[in-house]
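Features as listed in TrEMBL:
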- 10-311: domain 'Hcy-binding' (DOMAIN)
- 214, 296, 297: Zn(2+) binding site (BINDING)
């Protein structure tokens, strides 16, 4: 891998071993759904093959914002997910994964970024398929990542540590560095296995980088990774740590995370973190010993830029996107209105408590808390489209 200067790029472990901060990118499925390129529900990444220009542009925006990793747009790109519940496919899983790798590599070569191939949880695991069946699904995606020679691998968005272990065991067979992130909070995975124990199991399975992604806000994710770090150190093991949270405030979430919130997925905007919230997250993550700091659903390029700007001293440079952004609102000194110019200072933005402008909205929600996980009849998946009768049964249960 050559850097733009012609020098060989440092690998992910080389960077982390040297104590460098690695900035991850953001949440592709949510960002592209809002732009009209991803369908909510399946949340599958056909856009890599259908609309490569949209995926390429988002990669470029995250790179310009300061991201050191271009994660392939392969979230939920396993064949069993691509054909789940009547999702009509114009492209095979292999075509989508290949296109995603090519796009990530193309943009990574425009800067000092690495390409990470990612796999995520599967409907097959939820439907109680065998360990071998689930591992074969990961292996099929992995074959593409090997062919395309990605720089490292990520097993992300796992609610059950058991499935994440299976993914890590498959990914480590390549000899490439492996990161593993669970979508869990301080209560642990959906079987109640603590974050510390989860992390130990992932390290023992072969992951060199462990942490969390998605489902919870930055505050909750940093707290969870701290627990993971304590567990790994107590077990006498070593690892690097990673955090890629939501860009939404979720203090009212339960173990299942934001998918249990009534606002998921189409009314989450009032919960969005500001760029200043992101700077606070970056500092807290760094102080907790986390060196791979990125984001997941809801993260837009300006959020990633905020991470990079907060850690400018540690990284030694600003991202290209900061050419159009003054630190802590400094560019507002150029505004025509004097009361806006008066906001060109850090203490104004640090102390501000943003209003929602929604007089009748509660501060918190009540999570749905259905309390089901792997093995429950409600979670058995099917290739056929969801029927109206099945929906009516859910609507009755939901009592909305």
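Counting starts with 1 at the first residue shown.
Using the three backbone atoms N, Cα and C, a Cβ is placed for every residue, glycine included.
Unlike curated records, TrEMBL annotations are generated automatically.
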Checklist entry - If the Zn(2+) site is taken as the center of the Cβ atoms of 214, 296, 297, which further residues of that chain fall within 8 Å of it by their Cβ? => result 27, 30, 157, 183, 213, 215, 244, 245, 246, 295, 298, 299
Checklist outcome for this item: Using a 10 Å radius on the Cβ of residue 297 (Zn(2+) binding site), the other Cβ atoms enclosed count 28
Item to check | Intrachain C-beta neighbours of residue 214 (Zn(2+) binding site), sequence separation six or more, cut-off 8 angstroms | outcome: 27, 156, 157, 183, 244, 245, 246, 257, 296, 297
Checklist entry - Averaged over the whole of the domain 'Hcy-binding' (10-311), what is the pLDDT? => result 96
Item to check | Cβ neighbour count within 10 Å of residue 296 (Zn(2+) binding site) | outcome: 29
